[in-house]
Amino acid sequence: MATATKSLKKQGSDLAQSNKQLEILSNGIFQNGELPTFKTKISETSQFPLKAKKLEILQINVGYMCNQVCDHCHVDAGPDRKEIMTRDTMRQCLEVIKNTGAHTLDLTGGAPEMNPDFRWFVEEAAKAGIKDFIVRSNLTIIRANKKYYDLPEFFKKHNIHVVSSMPHWTRGKTDKQRGDGVFDKSIKALQELNAVGYGMPGSDLRLDLVYNPSGAFLPGDQAAMEKDFKKALMEDFGIEFHNLFAITNLPIARFLDFLIASENYEDYMYSLVEAYNPAAVENVMCTNTISISWDGYLFDCDFNQMLELPVNSKSKHISEFNEELLEGRNIVISQHCYGCTAGAGSSCQGVVA
Ligand code: SF4
Ligand code: SF4
């Protein structure tokens with residue numbers, strides 16, 4: 001069973017510190033040359049420095065608070081995390097959303113719905129008419145408390161594209177990774193999303209699921225897994241959804257803690273390096289995304305945000321957002337990036353190559 005009830009930060013773990021994580025990722029097998037660093041690897045195919053292209057996706061992390069404490073969480077989120085985006089920072093984000101050329105807005109957390117200004121922000125942001133407005137919902141939040149029961153209707157009203165984690169179609173595997181009772185609540189939430197039209201064949205109300213492995217291994221083939229998920233969820237619970245994204249766990253925060261505690265860190269890094277696919281490098285999410293933290297700072301991706309690796313640009317905060325300056329910036333990389341280029345690649349959007 002998922003055993004953690006507190007974030008690494010609350011536990012006072014060394015690994016809650018980003019510099020400690022970066023130290024681990026830079027030392028040992030990467031320092032002694034057993035494995036090539038990510039920089040060396042992408043240099044082999046002349047892909048260093050990795051450059052940002054045109055901005056297409058704004059990903060906003062509205063806070064690290066979550067109703068769950070999943071074993072693999074790269075955010076180290078949990079009920080004890082207090083970092084929450086204020087309405088003032090949201091206003092600065094809205095200015096950028098109105099003026100950007102990005103076609104996708106992606107709200108994440110923690111559980112973004114737990115930010116007290118979440119609904120206000122969604123209502124305001126939806127007015128900008130961004131083509132694809134994603135909310136990453138962990139599903140159980142919809143069943144966590146009466147005040148969230150109407151979320152499916154709320155999402156529908158604002159034509160939100162719901163992207164939800166669902167580690168497996170069986171209770172055992174899901175609860176092991178995400179905590180007791182998560183599977184049943186997730187199933188109920190999916191049925192409620194279906195009931196308002198989400199995920200139905202031909203429906204414009206998009207409902208996608210995200211799978212990530214529950215241990216120190218890489219995800220299998222995305223298309224085959226989607227087929228298996230669809231069959232099982234339909235047969236067992238009558239649930240429909242659109243696409244499944246298979247995501248590789250990146251070796252940071254709680255997943256890094258798990259790898260070290262289970263003595264799997266080195267083997268896992270070997271598997272990531274062995275599965276390195278230069279074709280996936282071209283389309284990793286940092287090349288067309290800006291990630292904004294709860295306090296308004298800009299990062300190449302949500303993973304770099306958690307490692308506190310800010311963008312390599314003069315435009316560092318939402319208050320001084322400058323799309324021209326950000327375009328063409330050198331992406332900040334480290335060994336965790338191998339997680340985005342293994343096999344068919346992954347980042348936050350599923351297969352990229
Ligand atoms: S993985 Fe998602 S649902 Fe689980 S603790 Fe992290 S933010 Fe919350
Ligand atoms: S971890 Fe972030 S910076 Fe590194 S390749 Fe993935 S998306 Fe890009």
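Positions of Cβ are set from backbone N, Cα and C atoms, glycine also.
Per TrEMBL, the feature domain 'Radical SAM core' maps to 60-198.
Marked as domain 'Arsenosugar biosynthesis radical SAM protein ArsS-like C-terminal' by TrEMBL: 218-350. Under DSSP, residues within the domain 'Arsenosugar biosynthesis radical SAM protein ArsS-like C-terminal' (218-350) fall into helix, strand and coil as 60 helix, 15 strand, 58 coil.
Using DSSP to sort the residues of the domain 'Radical SAM core' (60-198) gives these counts of helix, strand and coil: 61 helix, 22 strand, 56 coil.
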